[in-house]
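**Q** For reference, TrEMBL lists these features for the protein:
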TRANSMEM  7-26  transmembrane segment
TRANSMEM  84-102  transmembrane segment
TRANSMEM  114-139  transmembrane segment
TRANSMEM  146-167  transmembrane segment
TRANSMEM  179-195  transmembrane segment
């Protein structure tokens, strides 16, 4: 039964993640976002290529799919009386991120999954994660002006905080095995974000990473 739940969460999340806000919005505007800027179908590239309005719309679209998918998982599991929600929700979250990053109908070339991951974090229903990670993101971006630094801060911080809260017993796992599985899932999601930002990391080291700036483009 639990294997079926994992599969449903993962596949269902992938289906939701396939809604590519940047690609759809760009097409409406007559632009294939994958052919401009960094080529990434995500919030930061939409902001740089299409402007502030586009960046906001893309962020909200990708953010909401993480929130909705993970919140629905929480609600359904609760209604069915199924435990270990904080583990199963991460399967849904991983599915959303995989769908966003690797959409089959776009030759598996999507975004980097940060906005979708942010939605997943909110969908975990732990306000501590939201408050701490949002503050960490804002502070890191304001100080460095690198969105990539803020993104990596969120995901690495998420893994650390989830691990601490899980070990502390805050997520009501039914066994240590389930707790460890949840921590592993959090690590996979965070690790995927680091891998997707590998080129950004290399540019940060080389000092060639683009800093955040708001241009005059209008979408």
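The backbone N, Cα and C atoms fix where each Cβ goes, glycine too.
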**Q** For the transmembrane segment (114-139), find every same-chain residue at least 6 residues outside the stretch whose CB is under 8 Å from a CB in it, and list them.
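**A** Same-chain residues near the transmembrane segment (114-139) but 6 or more away: 17, 42-43, 58-59, 62-71, 73-74, 86, 89-90, 92-93, 96-97, 100, 150-151, 153-155, 157-158, 161-162, 165, 170, 189, 193.
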**Q** How about long-range neighbours of the transmembrane segment (7-26): same chain, 6 or more residues beyond its ends, C-beta under 8 Å?
**A** 32-34, 41-43, 45-46, 49-50, 54, 57-58, 60-62, 65, 68-70, 73, 88-89, 91-101, 103-106, 110-111, 116, 219
**Q** How about long-range neighbours of the transmembrane segment (146-167): same chain, 6 or more residues beyond its ends, C-beta under 8 Å?
**A** 44, 86, 112, 114, 117-118, 121, 126, 128-129, 132-133, 136-138, 140, 173, 179, 182-183, 186-187, 189-190, 193-194, 197, 200-201, 204, 209, 211-212
**Q** So if I exclude everything within five residues of the ends of the transmembrane segment (179-195), which remaining residues of that chain have a CB under 8 angstroms from its CBs? That is, six or more out.
**A** 84, 86-87, 90-91, 93-94, 97, 101, 112-114, 117, 120, 151-152, 155-156, 158-159, 162-163, 166-167, 171, 173, 201
